[in-house]
Structures are given as C-alpha cells and as structure tokens.
C-alpha cells in the first residue's frame, strides 16, 4: 500500500477518559485492522504528497529525515505503550490503555442513534418512533444529561407553512444548540434553500470545505449546503434548508441511553416511552399504533420553551422576544381532518406522488405544495438509508493479526468471520506476493520463498461492507542450526508490517541470520590488547598471547607478581609493587639515585637554595636523612621558627668601666672612652705618643688624659718666653741691669759696681746712679 491508498480518521474530541479512536480505511471504504505504522505520516502531521514527490530534494528530506522521525514518534507514543500494557502487561494495564486508545474493531460497538425532523414537522425519535407534530413556537427537541445536569440542548422554532404562511401546518425555520453553556450555534432559514449560522449570537460566514473550530464543537458546510456541527461527547447535527423548511438529523453516541428527554423521546431502545410529557407522564403507546394526533399534539406542546430556558438569540433592536414566536392559540389540522376536508382528486394525486407515504401526503394536503411533499419523501428516505447504513455492521474477522514463518517453510492459518446482520461473508487477500493465498472460507497459506518485504491484508466482504485485517508478518531466515526469536524482531526499510525474526545463533556464528563467523575476540578480551586470535567457525573459541613480564596467568586473566611481598626486589629502602613491575622509593630525607634507581642518597636539605628549611638567622646542619637548625651566635629563639638578636649590652659587666657598650646584629661593641684604648680600655700615656704640648713645656700624663706645664721662664697656652726684666719677675739687685734671655734672664752690675748682679757694691759714692725707664723693685720704700 502507498500513502495515497488509505484514509485516516480520528476523534475530534476526547472521551470522558481523555482518549480517542483513530481508524484507517482503504479507499474502498473498508476498515483496516492491525498495526498502522505503514500508513504514516500520522494524522496530526500535515502532508503535501505532491510537493514531496515532485521535488527530488524535498523527497530525499522526507524519506531520510521526516519519515524516520515520524516513525520513531509513532513507535514511542503508540506501539510501545500497547506492547508494554497489553502484550507484556497485566489485564488491568491493558484496560487502562484501552480507555486512552479504544479498539478500532466493531466488537462491542453500539452505533450512534439517529433522530430526524423533516417536512411539516415529522419527527423520528432516537428509538425509531415516527410521528407528526405541528405545534407553533419554540420547543425543546432534546436535552442530553449526565449526573451533574444538562450537557447539551437542542431547541427548534416553527412557523406556519404554505403560501404567505397561512396554512394550518408548520415547519421548522430555526434551530439552536448549546453545549455545556459554552458554545451556542443557531441555524436560521434565510430563504427557501439557505441558512444563516450564528455562534453565540453573532452571524459568521461559512465556506464549503473549511472546518471552524469552536470550544467543544466544530462546524463545517458541505458543497451541497448542508451545515454540520460536531459536539464534544459524540453528538452531531446536520441541517439542510429546502423549500422554506429546515430538515435536520441528530446523532447521539450510544453512551447517552436513558439520558435524553424532549420531542426526540427517551433514548433506551423502548418505543413505548418516547411520547413523554415534560412532567414525566408517558402517553400510552404500545409501540405499534400511534395514539390520537390531538393527544400527541397536547404532549408536544408541553415541551414548549419558556423565556427563561430559551437559548435562541432575539433581535432586541426589532423588539423581538420569546413572545414574538410563541402563539399558544394556534391549532393545526390533523391528518384525518385533512383527509375529510380535501377533495378526492388532490388526495389521489398526492398518494400517487408520495407512493403511499403518509408524511409526504400530509405535507401536500396541508400546503398544496407537491414539491414540498416530494422533498419530505426524499428527506425521509435519505434518513432511513443513513440509519440503515449506520446499523449495518461490517464482518468481524477472527484470527491472528501476526503470522510467523520460516523461509521456505509453508504456514497455514485459519480465519473466520461473523456478521451481526447475518450476511454471507467471503474472504479474499490483498498482497504483492505470489507466495500468499487464501480460500473463500478463510484458509490462508504463506510459503515464503524470499526474504523480500511483502504486505498481506485479509478482506472479509458481506456484499454491503468490507473489513480489512492488515497482517503483521514475522519471517525467520536464521541459518547454521540457529533458532528463531519471533518476539525479538527487526523492521526492514519502510515496511513496518514486515519484520524479520531475531536469531539465537550457535556459539560459532553471528549476524542477523547467523551466517557470519562469530569473532570470539569481540566478547572475550585478552589481557594484552590485540593479542586475541579467533578460532574460525565452525570452531569455537579464541586464544591469547602469554601474560607480560612481571605477571602470571593464562593470557586471559593475568595476575601481577608482587616482587615486594616475595622480597625479590633490588630496592635499598622501600619497594612499591605496581602491575607488571615494581618501583623503588626512599625514606624521608633520602632520594632515589639518578644513576641507580635501586639506591637512595641523602638529601642535603641545607643546600636547597629554593626552599631553605630553617628560619632566618640560623645555621642549617645536614645529617643523614635529615637536618637540624641552630640559631646563629648572638641570636636566640626557635631555630625552625624565629631567631632574634641577643642584646648583650643589657649585661652591665660585659664591657670595662672605661668604655660604652653598643649592640650590633648578632654581637656587640665596647667603645673605649677618650684617653683609653685596647681590649680592656687601659689609660693612654699621651706624653709618650702624640701630644699637643709645646716645646717649652713639660707633658705630664694623667688617668684618661694628660697635662702640659710651661717650663721655668715660659708661660701662656703656648709657653712663650717670660720677660722677667720687664715684669719685675727678676731678683736683680740695685745697681744692676736685668737682661732677658730665652727662658730666663741675667743680672749685671752697672759700671762702677761690682758683684754678682744681684748684689752690687760701688767703689765711688759720687757716682751718679743711672736712670732706668722702668722702675725697680723697692727693697725698702719709705
């Protein structure tokens, strides 16, 4: 099958469980059973087939990208849940799955029921009671209820029929439908053959072929002018305008049995309670002969709406209201009255036109319009045919939807078909393979001669409907004494319904069909990479190279030899075992010898210029395997943390008394006081070394210093000569003359006197004393 050969339909609205059904049909209209993956793309994907096939580039994108993604999406969202819930899961899980994905077969299916209105209101209830009601006004046609109240309401408006609306009959001119008080759709007769559609009080335009999506409803118009509304929950309404009247068909899902009221009756399969008053009283009816028309009229009038429950829209601008359309004084002419008051010629003509149909005859006699009668007859026949079609069940096929076979081995499968309408059923098969045949009574044979993908669809035909069962085929092509795994399948290409069974290969073989040598090295790894050697089929197994040096074993599993534990290493200090070998390391404070890794040598921590191990102001002393730190002389403290300078000057006896103490980094200085020198700061004899005394002085050493004393005859800082003669510092006598000399003086007696100069005696008393410029010392002044 190609994508163009099938049609797909799915529920417009979810069920009360949130699920829905998707069905696939052949172009012939037959329902297709079985897996549907080959009918991709999925219904939720918009497909332009012509664009795909006409454009090579787009076609490549579709087949290589789009379709695989859709296939995977369908597999994950649809196929896998079914497999997990129904094939692998419990019955309860499968039940839960069926709530979300109801089965698409006809088993247990109850077709929806149809109620229809046509002509001068002729009503066919949901249980098939046909009666005429010519009430004038607005009426409740059907209320659909659930446990919480009314979920759907359909009301109809009638007007007098005939020329100038003067006849004693009525017909429908407007309808209003409401779903859950959310969306209200109204149909109003525009002219004889057209309708105006309103949604929630507003007129909307409709075009043929387009679907208008509403809250809880969809709306569309066909090319013939029929307006169809589908409501959530399996309720639909089809409305047609013809010759000035609305004809319509209402369809309700079978789940609404015993949940309806109104002119369409009680939907429960019992005709006798369909003619029920709005107060619940049932008009006596045996299901065969209708009650008197006046009684039916009285019953129907109880379903007239009120201003409070009407769902119609009224044009307040034109002063419209409920009262505009509801005249309780109108009484129609009933059928038996028309037969008595109409001339026989018209009755015979109407009977001939209507072929004996009472509804058709009634419409002609009440309006005088033969075309209206013919329209009534056509509408009635179409509704009856639609109802008959919906109640006709296609055959139900019983038999496996999956066939399993081995290549070149014939399988035979028997299928049966039942038909609820007891129609005879004939089997046929749609396939693209000559290896498949089926007998008319359902005996299928498949003798696969090739592993090329094929399709098989079984058809059961009862001459009115055809049921198709698309088979899933699982073919086994296993070889070399392998077994088939039909529950482990592989899908080929785009043939989703044709699958290859998995193969359980013997030990020597592998591949999809067990026709390839199994490489024993794939799953069995040798310890040494790339050292595995496969044993060729039909042999089994593999071999490995020997374990590497330093290890022991069979080549597959190799265990390390612990040289350290066995004490066979050459390490001087520490042995470290590692896979396939060992390594040597040293104790703390030692390092591996660079030329002989088995030996250890001491680490001279003190020579490490990058990281000195001791604190500042310390001395590092290397020891074997370690080191020690000492504070330098003149420092004290923790040599690993901090050594600080010792202030020796705090010891007052550290220096001699003749000196001052000065602390230095790591030591101290004794500074001798002036006049002292040497290690012990002893007194300096300045008189023996450099001194500043003048030549005319005498140097006298003192403790810590020296003194200069002028020699006799000298004075002053520089010991200059004293002029004793001028300063009366001489002891020259009278009649003597003082003569100054360097450092002293001399006394000389003057002429006429003799003596030592200190004492001078004269020989001549008359000698005149000399006169001196300077006075002399007076020996005895008086």
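Heads up, the Cβ atoms here are built off N, Cα and C, so glycines get one too.
Worth saying up front: this structure is predicted, and the values here are computed from it rather than measured.
The disulfide bond annotation in TrEMBL covers 672-681, 710-719. TrEMBL lists 113-311 with the feature domain 'VWFD'. For 602-644, 645-682, 683-720, 721-761, the entry in TrEMBL reads domain 'EGF-like'.
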CB contacts for residue 672 (disulfide bond) [other CB atoms within 10 A, all chains]: 19
Listed in sequence order, residues with CB under 8 A of residue 710 (disulfide bond) and six or more positions away: 694, 696, 697, 698, 716, 719
Helix-strand-coil residue split for the domain 'EGF-like' (602-644), DSSP-based: 3 helix, 20 strand, 20 coil
Other CB atoms, at most 10 A from the CB of residue 681 (disulfide bond): 20
Neighbouring C-beta atoms (10 Å sphere around the C-beta of residue 719 (disulfide bond)): 20
Three-class DSSP secondary structure - residue 672 (disulfide bond): strand
Helix, strand or coil at residue 710 (disulfide bond) [DSSP, three-state]: strand
